[in-house]
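Colleague: Straight out of TrEMBL:
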- A:TYR15, A:GLY42, A:LYS109, A:TYR132, A:ASN188, A:ASN293, A:ARG389: substrate binding site (BINDING)
- A:35-406: domain 'Aminotransferase class I/classII large' (DOMAIN)
- A:TYR72, A:ALA108, A:LYS109, A:TYR132, A:ASN188, A:TYR219, A:SER247, A:PHE248, A:SER249, A:ARG258, A:ASN293: pyridoxal 5'-phosphate binding site (BINDING)
- A:LYS250: N6-(pyridoxal phosphate)lysine (MOD_RES)
There are 2 protein chains.
Amino acid sequence: MALVNENYLKLPGSYLFSEIARRINQFKATNPEADIIRLGIGDVTRPLPPAVIEAMHKGVEEMGKAETFRGYGPEQGYEFLIEKIIEHDFTPRGVELSVDEVFISDGAKSDTANFQELFGVNNIMAVTDPVYPVYVDSNVMAGRTGMYDSDKGQYGKIVYLPCTEANGMKPSLPKTRVDMIYLCFPNNPTGMTLSKDELKQWVNYARENRSILLFDAAYEGYIREEGVPHSIFEIEGAREVAVEFRSFSKTAGFTGTRCAYTIVPKDVKVYDSKGEAYSLNQLWLRRQTTKFNGVSYPVQVAAAAVFSEEGQRQIKETINYYMENARIIREGLQAAGYTVFGGINAPYIWMKTPNTMGSWEFFDKLMTNAHVIGTPGAGFGANGEGYFRLTAFGTRENTLQAIERIKTRM
Amino acid sequence: MALVNENYLKLPGSYLFSEIARRINQFKATNPEADIIRLGIGDVTRPLPPAVIEAMHKGVEEMGKAETFRGYGPEQGYEFLIEKIIEHDFTPRGVELSVDEVFISDGAKSDTANFQELFGVNNIMAVTDPVYPVYVDSNVMAGRTGMYDSDKGQYGKIVYLPCTEANGMKPSLPKTRVDMIYLCFPNNPTGMTLSKDELKQWVNYARENRSILLFDAAYEGYIREEGVPHSIFEIEGAREVAVEFRSFSKTAGFTGTRCAYTIVPKDVKVYDSKGEAYSLNQLWLRRQTTKFNGVSYPVQVAAAAVFSEEGQRQIKETINYYMENARIIREGLQAAGYTVFGGINAPYIWMKTPNTMGSWEFFDKLMTNAHVIGTPGAGFGANGEGYFRLTAFGTRENTLQAIERIKTRM
């Protein structure tokens, strides 16, 4: 008899975005005329840049001719793309990487979800709270989290690092030992960043405890302020203890095109029960060559064009567009008397609900009164309760109108 | 201290295709003039069909305009593609499927490797021997196989189903209970198929034992003979016990373009330790929505074009081209006195090495004398020893020349 992986049964039934969709559909059924503006899910709306489109056409063309056709590529990605990534994203920041430390994939969601496979099931993991749900759910499925406590909205074995108004949305070091630490900065959902000194504390902690930092930098392209680190590897010693996830999704509009990359330095080690060290880089290579078959060739050609002169200029225009939306939301909400976080170095604005209103209650009120959709903070963890996330990925017109409605109808 | 997943340490060091690459490089270093013909790795060489190229260009074009741009798609794939798959691949064979039973993915390698996650770690798995290594290695990583016995070349907890000359490369039902059964027909590496009656035995076994059949049909497009089933779901009762993996890789030349699909009927159940039943379809949906973010939109548009009238005509031309290669290899080897299997309903020819020569010894001899590369059968399992795989995916010219060399130089 085929037995189920019982860890899957620990997951609570309804996924955040399905519940949101359910409520929207219900509202639309009774209010078919409502002009709903969605600033909820973190999906981009601007088209791919012309330089990327042109390159992708070229890649497609090559696939149609016997002389230039490409079959299986390297599972870890083509060097023409890896070299551009290193040259543009890392070398200028003083980070040295070799080509076999960069792994191209179909998405940071896949990579952040799959990477935990390399670790023993008894490792203790830490996440910020609120947190991007994929880190938690993928570890639940692997059996690393203990049972779900539905009163607390937390799993028994996970160490949660609260990010609250009191600590300025910056997690403190854990009080008990942890082995795997997920950090995402610029943060989804709070939109906040950490300084070099703050990140340095985490690198030091990981070095002292031989823990691993799983650093999600999917939003680094949105950093506007000088001095905010774009990569964990800008911190001394991080090469020994950190892995970094990056993506073209938000930076270059690839949410529907699918390309990302993960940096696994050869210095990072994990240990067996006898204390013998193993290279995380070699383990990830083995995982990817066994369970993945590489990213579509035309997509990799398209991604490489992001680093051309026109590509860089074009993605910066798009990011400026979104960040102007972020400014409009942030300043609009502040003018309306709300307390807000983020929106300066990230496309997310994390707002406090008024009068300690519950996240879902605020969701319903915003939908009903203003016909604006956002994401209830409670969906990101227990400490997200009482908060609400808006994203800067809408059109300018919708963003302006949403803020106008929040000011006048709430 | 971050502990490694010790299951990874059970994997023997060298992967089949890396070892082949190593030997080729060594040979080339001392024989730089040798004109090597590769009929080893199962990668296609013909370009994508014009109908597919045209559609993919169209998909790329849409991504460049705000009005038609697509961000995140459904993780399980777009309905426009799923509907075409059902209409062309299943309905004509009397197999009824609903759209939420088909999951689009980036590859059958990913799906066959990831699907085991849904099962308890104590399930007993069966594989044919020889076998596509991904089924085994992905389960090793998950801790389901026991330790590797390097003398036997087998894992302690896996039930191996020998496919040998004596049984015509057709596996017998296991003698001890198994819960998960990987079957691949047309088979990689043997190129053999099973009849409806033979498949029916497996469906019956699975129904009687509440086991799951993990059926890999990646090569169904190469079936030429009438009456050979293309899908496990042509067998009565299979909807209750089987999952089927399919791919555009070999059928339409997508090895470098990346698109595949997996059928998970809503009738298939797995059980918890109390005997309560769970829907495998719902579990896979949860897995994919949590750990995967869908296939690139232009790639899905390209895949849908495979089912257009021109697309179908064009992929059939390419398959005919490869299957003429298969005939040349098969008949050429037979004329030269070799015993061969496959090559009639599959792009693989499985040959017996002469005089019980070892697989790797034959590999070296073929490379040294004929400058032809194939794949040692031993790389596919203990019962592959003494066999050798050639593929029909080369060019016509190379295929003819390889057979000529085998006839005259071996």
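For all residues, glycine too, the Cβ spot is worked out from N, Cα and C.
On a predicted model such as this, the values are computed, not experimentally measured, just so you know.
Each of the listed features needs to be described in terms of its position in the shown structure.
Modeller: Using a 10 Å Cβ-Cβ cutoff, A:ASN293 (substrate binding site) registers 24 neighbours.
DSSP assigns A:SER249 (pyridoxal 5'-phosphate binding site) to a helix in the three-state reduction. Long-range Cβ proximity for A:SER249 (pyridoxal 5'-phosphate binding site), meaning a same-chain Cβ under 8 A and a gap of 6 or more residues, is found for A:VAL44, A:GLY107, A:ALA108, A:ALA218, A:THR255, A:ARG258, A:ALA260.
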Colleague: List nothing but the largest Cα to Cα distance in Å, as a whole number, among the residues A:TYR15, A:GLY42, A:LYS109, A:TYR132, A:ASN188, A:ASN293, A:ARG389 that the record says bind substrate.
Modeller: 35
Colleague: When the Cα-Cα distance from A:ARG389 (substrate binding site) is computed for each of the recorded positions A:TYR72, A:SER247, A:LYS250, which gives the smallest value?
Modeller: A:LYS250
Colleague: Among all chains shown, work out which of the binding-site residues A:ASN188, A:SER247 has the most CB atoms within 10 A of its CB.
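Modeller: Most Cβ neighbours within 10 Å: A:SER247.
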Colleague: Could you tell me which of the binding-site residues A:TYR15, A:GLY42, A:LYS109, A:TYR132, A:ASN293, A:ARG389 sit with their CB under 8 A from some CB of chain B, listed in sequence order (or 'none')?
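Modeller: Near chain B, the qualifying binding-site residues are A:TYR15, A:LYS109, A:ASN293.
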Colleague: Secondary structure at A:ARG389 (substrate binding site) (DSSP, helix/strand/coil)?
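Modeller: In three-state terms, A:ARG389 (substrate binding site) counts as strand.
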Colleague: In whole Å, note down how far the CA of A:TYR72 (pyridoxal 5'-phosphate binding site) lies from the CA of A:LYS109 (substrate binding site).
Modeller: 23
Colleague: State which of the following binding-site residues has the fewest other Cβ atoms within 10 Å around its Cβ: A:TYR15, A:TYR72, A:TYR132.
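Modeller: It is A:TYR15 that, of the binding-site residues A:TYR15, A:TYR72, A:TYR132, has the fewest other Cβ atoms within 10 Å.
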Colleague: Whole-number answer please: how many Å between the C-alpha atoms of A:TYR15 (substrate binding site) and A:TYR72 (pyridoxal 5'-phosphate binding site)?
Modeller: 35
Colleague: Could you say whether, by DSSP, A:GLY42 (substrate binding site) belongs to a helix, a strand or a coil region?
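Modeller: A:GLY42 (substrate binding site) sits in coil per DSSP, no helix or strand.
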